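Student: According to TrEMBL, the protein carries these features:
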- B:21-438: domain 'DUF112' (DOMAIN)
- B:7-36: transmembrane segment (TRANSMEM)
- B:42-69: transmembrane segment (TRANSMEM)
- B:109-135: transmembrane segment (TRANSMEM)
- B:147-166: transmembrane segment (TRANSMEM)
- B:253-281: transmembrane segment (TRANSMEM)
- B:315-341: transmembrane segment (TRANSMEM)
- B:353-380: transmembrane segment (TRANSMEM)
- B:386-406: transmembrane segment (TRANSMEM)
- B:469-489: transmembrane segment (TRANSMEM)
Amino acid sequence: MKALAGSVVLLALAATAGQAATYPGKTIEIVVPYAAGGGTDLSARILAESLQKHLEGSTVVVRNEPGGGGSNGTGKGLKAEADGHTLTIGAQGPIALLPHYGATTYSIADVDFLGLMGRNLQVVLACKDAPFRTFAEFMDHARANPGATLIGNSGAGGANHLSFEAYGKATDTSYEHVPFGGASEALTACAGGHIDAVTATPAEARPHVEGGAVTPLFVMERERIADMPEVPTAVENGVDFTWSSWKGVIAPKGIPEDVRATITAVLAAAMADPGFVQKMQEMGEFVDFRDPAGFETLAREDSARAEGLIRDLGMYGMNK
Amino acid sequence: MEFLANIGLGFSTALSVANVLYCFLGALLGTAIGVLPGLGPVATIAMLLPMTFGLEPVTALIMLAGIFYGAQYGSSTTAILINLPGEASSVVTALDGYRLARQGRAGTALAVAALGSFFAGTVAALIIALFAPVLAAVALSFGPHEYFSLMVLGLVASVAIASGSVEKSLAMILLGVLLGLVGQDSQTGVGRLTFGMTDLLDGVEFVAIAMGLFGLAEIVQNLENPAERNSSVARIGGLRLSRQEFRQMRGPVLRGTAIGSILGILPGGGATIGAFAAYMAEKRLSRTPERFGQGAIEGVAAPEAANNAGAQTSFIPLLTLGIPANATMAMMTGALILHGVTPGPNIISGEPTLFWGLIASMWVGNLMLLVLNLPLIGVWVRMLSVPYRVLFPLIVALSCIGVYTVSNSTFDVMMMVAFGALGYLFFKLQCQPTPLLLGLVLGPMLEENLRRAMLTGRGDPTVFLTRPISAGLLVLAVICLAAMILPAVRRTREVAFEE
Amino acid sequence: MTQPDRSDLAAGLVFIAIAAAFAWAALDVRMGTLLRMGPGYFPLVLSVLLAALGALMLLRGARRPAAPAGPGQGQGPSFRVAWRPLLLVCGSALFFALTLEGLGLPLTTFATLLIAASASPQFRPAEALLTAAAFAAGAWVVFAMLLGLPFRLAGTWIGG
């Protein structure tokens, strides 16, 4: 695997011996649009290590530009010079959701997608003392009490909230959405029995599930997931519904073709590196590399879907 | 017996030569970076995290714990020496610590802080070892209603901290809470109270406001006051604590440790409220409350002990429930996860070496801090013998750099300037800035929990009084407020009679 | 002793003005209901409370004679504004904010230090120049080189 990755890089380097021979001419910066310490930041730091290893003679540093739910740093990263020395971590929120609220200085059309790093799978959990323990019980309860089941989310208008709005739409049910300041706050309230259900990633949910405070109801994937094979999907229960969030590497449009080829090849190699994959998995990240075209398709699909939802909620363009 | 075996396992892990060395290195680097204004524990851990990548998980954690305590103590050092609190909990330390420094007793203040922290750290480590799983349940029983009531109590407590009129302090709290609400509403994402400034959509930066209100405003006042112009400190006192000083700090440290340990268990703001609450308790208990704010040793000892105890017990929800209690703990979670350890209910049974090693290393880390910082006090104090005309421009420049580094924003530096000017105005109006800062920190949580409580309680406000913990906290808040207002009313009446 | 307390009066006015500004800004966004509070609900409630406290201060200030603020503070600070230190200290920090990205860290820090130093009545140009130069160099070494923070050596205005 490692040898293969290495030869990909060599091939890429050989193929782009022209201008790209001088790339990187200086330090490469990866802009992380979130504060240091979160999952995205840590993933970026692991990626920086791996990139440094696979791109000979390079120095890769992480620069945190938090704020605006990620739109601040993403906007700055997309306004940087398109020379390949400023890369940005592109996440679902700032790219596919926030532009629809009208609060960003960019749109999805300004993004050059270079490679998808991973996805965050979503599992729905029944909280402590909730009157349901299975998917069927949950749906019965939701139908019997329209608008009354308390669903915690990690922030209003964020992926975690929109996904459940979308789920309600798909199943013709309604809920009371209770926003929290982040996934761990919502999970804590769930483990304490202050709300009825919550959405989280398998890694976030695992300790609470094992501790017995919460019960997984279903995952928002098409297939069951390796981390929690005993948990059903909504799809197998007859609800055609999936949702996950994601992050990858993006840049402003207009990077010289040969430099771009080097970057995408090195990214592919860095993300296939066993060391990288292992570190990411230990952190509970779901590594899912996709090439530029695959990444762009995913992002555009999600953006279109989110736009419909946000218009339905009457939140479209509200921050213009 | 099992407890002793566990502690033995912990110490045999923490006291290996490599681990002690890394713990020391962590404490050293943490202190060195932490004394730079603006670089608090979160930024320091983020910066040094990659250094631990190559280490064994236990060693890495021990080093990170060292960095954490070092950075936190470093923040207190700057608060005492030059009145620049880098994080909410050191705001309280600055109140009397900086006054002591101005009186030439910076050495005393730093020694009290170091010893108080060490004691609190030792006790808190024991508490974690003995009661962690039981205490975790307490954190879970706190829902939106309980948090709202706790915040109210914390804010009321800050009125007692400030000297001066009760209504001015209440007004400063409200102003702080309002400032905390500036920016995108966390529940709907709508931008509000930004007065047309897009930079304010992310809210106001705490460090910028704290450094403006405390740092810059203080410098302008000092330059205005001819008596204090000449040198930084009146005289440099001894570095050793006298027997009387020891006696003075004993009670406050004990009470501060207790208060900090209890509040530290609660995620979100618990550790911050701890320092404020400990200070308030001392001021209430003291026979000479008027010394507080003028350089009272108790005013440094209690909040520092509470701060450090809280910093450690905030590991409890992390290690037993996987809940990071605050930004620093979130950073530590990230570090743990990066080293392949997922914090959660199973960590005690699943990773005994790591769990008990970490607890033992907390104690070792605190010991390292003491070993490191007691000798350093002399160095810090000598720094203050620099003439003020040389020192204050350096403080201005350090504040600028520090505020900028928080999120690489020059707008934040401008905010600091605005709040420097505002701080000077408040000084002229005899309004103390401390309640404003607590309001600023707790404001967003206060509102979020109120709104959440309304949703989960289906719009019924009486739930605040029917849930026992929430009701108890609110009753305490009312008692505190009454205790402050009644003497003030009586005073006014007496004045009226004199007329 | 019958003169009104000017600090109470002035503080009352300042807080009422601030409350009015926040209330006005809060009216811009949705209020919502007690069950589902909008983003404007809580700020408006707080503004009203703040204005009420301001009014209370006005009332007290008008009725109460000037009392000592707190122990050891005597009659409280004088109302004379120290314009020179205020403008120069705040001005130096403002200069830092405006020029950091244009001039880079060392030059900006150097100038900031000089401006701030001149706020002192005992300003000594030679000493200030030396300190400023040493600190500017030291700041670059510590913040940019050792800590790796993203500062510029020469800013965008001077080709950095």
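Don't overthink the numbers, they just go from 1 along the chain as shown.
Even glycines carry a Cβ here, placed using N, Cα and C.
It should be emphasised that the depicted structure is a prediction, and the values quoted were computed from it without experimental measurement.
Mind running through what each feature is packed against?
Tutor: On the 0 to 100 pLDDT scale, the domain 'DUF112' (B:21-438) averages 83 in this prediction.
Listed as Cβ neighbours of the transmembrane segment (B:7-36) (distance under 8 Å, sequence separation of 6 or more from its ends, same chain) are residues 43-44, 47-48, 55, 58-59, 62-75, 77-78, 86, 129, 352-353, 355-361, 363-365, 368-369, 371-373, 376, 398, 401-402.
Same-chain residues lying 6 or more positions outside the transmembrane segment (B:147-166) and placing a CB less than 8 Å from one of its CB atoms are 92, 95, 172-173, 177, 266, 268-270, 272-273, 276-277, 279-280, 283-284, 290, 292-293, 430-432, 434-435, 438-439, 442, 445-446, 449-450, 453, 464, 469-471, 473-474, 476-477, 480-481, 484-485, 488.
Sequence-distant neighbours of the transmembrane segment (B:253-281) (same chain, 6+ residues past either end, Cβ-Cβ under 8 Å): 88-93, 95, 115-116, 119-120, 123-124, 127, 135-136, 138-139, 142, 147, 150-151, 153-154, 157-158, 160-161, 292, 299, 301-314, 316-317, 323-326, 438, 441-442, 445, 480.
Here the transmembrane segment (B:315-341) has long-range neighbours at 41-42, 45-46, 49, 52-53, 57, 60-61, 64, 68, 128, 132-133, 135-136, 139-140, 264-272, 347-348, 351, 354-355, 358, 362, meaning same-chain residues at least 6 beyond its ends whose C-beta is under 8 angstroms from one of its own.
Within its own chain, the transmembrane segment (B:386-406) has Cβ neighbours under 8 Å at 36-39, 43, 82, 84, 86, 205, 207-208, 211, 215-216, 219, 222-223, 228-232, 412-413, 415-416, counting only residues six or more beyond its boundaries.
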Student: Using a Cβ distance cut-off of under 8 Å, indicate which of B:42-69, B:353-380, B:469-489 has the most pairs with the transmembrane segment (B:109-135).
Tutor: B:353-380
Student: Please report, as numbers and ranges, the same-chain residues at least 6 past the borders of the transmembrane segment (B:42-69) whose CB is under 8 Å from any CB of it.
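Tutor: Distal contacts: 13-14, 18-19, 22-27, 29-30, 33-34, 121, 308, 311, 327-328, 331-332, 334-336, 338-341, 353-354, 357-358, 361-362, 364-366, 368-369, 405-406.
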